[in-house]
Amino acid sequence: MKLLHIDTSILGAGSVSRELSALIVERLTRGTQAEVTYRDLAAENLPHLTPATLPSAHPLSAMAGPLDATAQAARAASDRMLEEFIGADTVVVGAPMYNFTIPSQLKAWLDRLAVPGKTFRYGANGPEGLVGGKRVIVAVTRGGFYGRESGAVSAEHAESYLRTILAFMGITEPEFVLAEGLAAGDHNKAQALTSARAAVQQLAA
């Protein structure tokens, strides 16, 4: 199994999403010969999307014109990220919710994956995903409460966005491990961590 592990939190060792993503990877790789590729997108400081940073397979990448050494390195990095994603059997993502949505570094990574002809195509009936055979597990962490019973579900644009972009690429059944209410007091945080850790152990290995 080829497993791609992505972390995005800016909190380093204090990050709950990092803890949970690591637990998920440990759960999936225990007793296996998995090949794990790890990327810490917070540390990599991915630049936002431009024609120069698009993967070379993207039709709009030619708009960049001649690339200097810095731009060539950025494009090569984008190419590697796209191929890592396409080549992975399983993808594990740690995704904290920042200001109601995903971290900008995670968005920058996803922007490099949405490439026509590689991860989706436009067919007679609209977009068709091309990487539907992949398993994707996302550890989502939230400081507040945004579930249906909270009254704030309309402000939740992290899990909802991830479901949308993954489905666009053909991944229609992503799995989510959720820890929320982490900033709502020690009791709520402890309960959320206990529940999320238990959910990790219930994942099919």
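Glycine is treated like the rest: Cβ placed from N, Cα and C.
Not measured: the values here are computed from a predicted model.
Feature annotation from Swiss-Prot assigns FMN binding site to S9, S15, V16, S17, M97, Y98, N99, F100, T141, R142, G143, G144; the stated evidence is sequence analysis.
In the structure shown, across all protein chains, T141 is the one of the binding-site residues N99, T141 with the greatest number of other Cβ atoms within 10 Å. Packing around S9 (FMN binding site) is summarised by its Cβ count: 24 other Cβ atoms lie within 10 angstroms of its Cβ, all protein chains included. Max Cα-Cα distance over the annotated FMN binders (S9, S15, V16, S17, M97, Y98, N99, F100, T141, R142, G143, G144) is 17 Å.
The Cβ of V16 (FMN binding site) has 21 other Cβ atoms within 10 Å, all protein chains considered.
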